[in-house]
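Report on one structure; see the data block that follows.
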Amino acid sequence: MSVGINSHSLSHFYPIFLACHHSTSTPPSPPDTNSNPSFPSKQSKPHPHSYTDSTNPLATHLSLTLFISFPTSTISATALLTLPTPFSGPLLLDTRSLSISSVLHPQTLTPIPFSLSPTIDPIKGQLLTLTLTGQDSILITYSTSPDSSALQWLNPSQTASKTHPFVYTQCQSIHARSVFPCQDTPAARLRFSALVNLPHPLSSVASAPKTFPDPRPPNPNESRGAVSDDLWCAPGRCVEEFSSEFPVPPYLFALAAGRLGSREVGPRTMVYAEAEGEVLGAAAKEFAGVEEMVRAGEGLFGPYEWGRFDLLVLPPSFPYGGMENPLMVFLTPTVIRGDGSGAQVVAHELAHSWTGNLITNKTNEDFWLNEGFTTYAERRIVEVVQGEERAALNVGIGWKGLNADVERFKDNMEFTKLKNKQEGVDPDDIYSHIPYEKGFQFLWRIERQIGRAKFDEFLKKYIATFKFQSINTEMFIEFLKENVPGIEKDIDLDQWVYGTGIPQDALEPVSNIYTKIVSLSNEFKLGRMPTEDEVAYWSGQEWELYLENLPKTAEASQVTALDARYHLSESKDWEVKVAFLQLSISCGCKNYFGEVEKTLKEVGRMKYLRPLYTALVQGAGKEEKILAKRLFMEARESYHPIAQGVVESILLKHA
């Protein structure tokens, strides 16, 4: 998943570095013995965000029948779960906002006893307990709720067509349980198949290939009891079928349905978006170079195992920059900038094809294994495709984000660790740059120690050894020590993994362009803005870095003068626009409140919602707080449920 940071680059950039500065942050505290592998009896629970019992077998296949009802904003469904062997005893499954109708043996249709916990955990949801007596498969009939935390239902007025509705899922980190009952932990890897019944002329895409290219008429007796045949086979309904041979964790299940169009942009890449409007054409142009990135990834990390690499550009409410769903990456339309630079977000999701999807963190406490590796891999791909200078600039942007989030967690430094304890913590609440950027810095530190050639060899062996598996941090460290003997003598591995803050041997990369931009930002404090010649060749990333380094206490007149010259508040690049609006709020420029309101009502990407709402509620006066509350009340229904929760927590904390 893209954190929405424009940070893409790597360590083969030494020829263009002027200097590399050590971190000036406070040295990390000693590793917490509760999470240090030297104290295995005190490790966290194996599934901190799931009811999954570690003594239960993990399901190996999930077959779904899904009847999509736009009028009720629900899915009526069945889930056929298959276990590796027959099992007797209680089988514990995660659910959230699901109504369970029945649990049956799929062959005999005899009932299987089940119960739902009387209490609902605010993070884990509701426990579903099945009492098995030698079964190896279970058929569960259920329906989702309009309040599903994974599903966003868009009415026609919220779509490009204005005539057809739209629905999509976002299951990471722990939201798959609101779409189907499952062992909702990344330790569980499932092969998925699905029958999707939806109204014509809508179509659907999923994180699995279609078994036939076009929608077909529904057949009687194929819904497995999800709904009656009268509903399943009603006039105007059609069915699409998906099946994947690849075992993936539940959070990588993805489905979207609407009036979709598509454009082919490469031998293994199709771009999908709403058929009406300008997004599809703009996306096809923006992502025309995707195949070059796929080939670069293969050259660096080995074969692309997944076959297709298709892209879906969602409506503006999508809460992330991108989501790495296998075979069908989900993207926000805000990455379409018209100059091809939005493909850098695609590079991150592509990199997940090796690090995150192929090898997955076993728990969210090991999230850095997904995102730190992927940030490293992404930057290597970008270096090949776009060059070292661009990559070096993006490392600097990432460094800025890392330091900002270490400051964000100054009152709870646990979440500045790579391996941290999350029992009783919602992973959405602590989502940050840290697993991305500190994880990247850790891998970069190893590369500097042993050299790029040896580290590349290590990476390929790591991927080949653990592909299609879920692993934890301790397994990675053991593999590292086995394959790089003596590494623990050169690098304090415990400090990097279990220590807080930024280690002293982390490096701030400084390239020619990075140094120049930071220097210009410092000059702004003295009343000098950059000349038109100095910014003539700047892209959005240069402007973003410049704005993020400006003081949040600048005079309002300075900020207004900067915008008058360069029209940043009107930028078509959302990164630039939001960075400027955040600065304007912090500096008390109330004449930009209208543009802030327009922005917060137009997009639902959390990278933009979080800083703008935070800047408003931390403003000096009551007017900003009142505005934040009003805007959220008016825009709330246009945000995905995950984004709604994030903004609510900001308002609760500050306003």
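Yeah, the Cβs are placed from backbone N, Cα and C, and that goes for glycine too.
In TrEMBL, annotation is done automatically, which means it is predicted and not curated.
Since the structure is predicted, the reported quantities are computational estimates derived from the model, not experimental observations.
So that you can see what the record holds, here are the features copied from TrEMBL:
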REGION    25-54  region 'Disordered'
COMPBIAS  32-41  compositional bias 'Low complexity'
BINDING   Gln170, Cys171, Gln172, Pro319, Tyr320, Gly321, Gly322, Met323, Glu324, Arg605, Met606, Lys607  peptide binding site
REGION    206-226  region 'Disordered'
BINDING   His348, His352, Glu371  Zn(2+) binding site
ACT_SITE  Glu349  active site, proton acceptor
ACT_SITE  Tyr436  active site, proton donor
DOMAIN    512-651  domain 'Peptidase M1 leukotriene A4 hydrolase/aminopeptidase C-terminal'
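Known features from TrEMBL, placed on the structure.
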residue: Gln170; record: peptide binding site; contacts (Cβ under 8 Å, 6+ apart): Ala150, Gln152, Phe318, Pro319, Tyr320, Met323, Phe330, His640, Ile642
residue: Gln172; record: peptide binding site; contacts (Cβ under 8 Å, 6+ apart): Met1, Tyr251, Leu252, Met323
residue: Gly322; record: peptide binding site; contacts (Cβ under 8 Å, 6+ apart): Met1, Ser2, Val329, Phe330, Leu331, Thr332, Val335, Val345, Val346, His348, Glu349
residue: Glu324; record: peptide binding site; contacts (Cβ under 8 Å, 6+ apart): Met1, Leu252, His348, Glu349, His352, Ser353, Gly356, Asn357, Thr374
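Listed by sequence, the residues of this chain that lie at least six past the ends of the region 'Disordered' (206-226) yet keep a Cβ under 8 A from its Cβ atoms are 65-67, 76-78, 80, 102, 106, 139, 141, 192-197, 200, 232-233, 237-244, 248, 252-256, 307-308, 325-328. Spacing of Tyr436 (active site, proton donor) relative to Glu371 (Zn(2+) binding site) is 5 Å (Cα to Cα, whole number). Set side by side, the binding-site residues His348, His352 differ in how many other CB atoms lie within 10 angstroms of their CB, and the most is found at His348.
The sparsest Cβ neighbourhood within 10 Å, among the listed binding-site residues (Glu371, Met606), is found at Met606. Residues in the domain 'Peptidase M1 leukotriene A4 hydrolase/aminopeptidase C-terminal' (512-651) partition by DSSP class (helix H, G, I; strand E, B; coil) as 102 helix, 0 strand, 38 coil. Across the region 'Disordered' (206-226), the DSSP tally of helix, strand and coil residues reads 0 helix, 3 strand, 18 coil. With respect to Cβ neighbours within 10 Å, the recorded positions Tyr320, Tyr436 differ, and Tyr320 shows the lowest count. Distance between Cα atoms for Met606 (peptide binding site) and Glu371 (Zn(2+) binding site): 17 Å, as a whole number.
Of all Cβ atoms in the shown protein chains, 25 besides its own fall within 10 Å of the Cβ of Glu349 (active site, proton acceptor).
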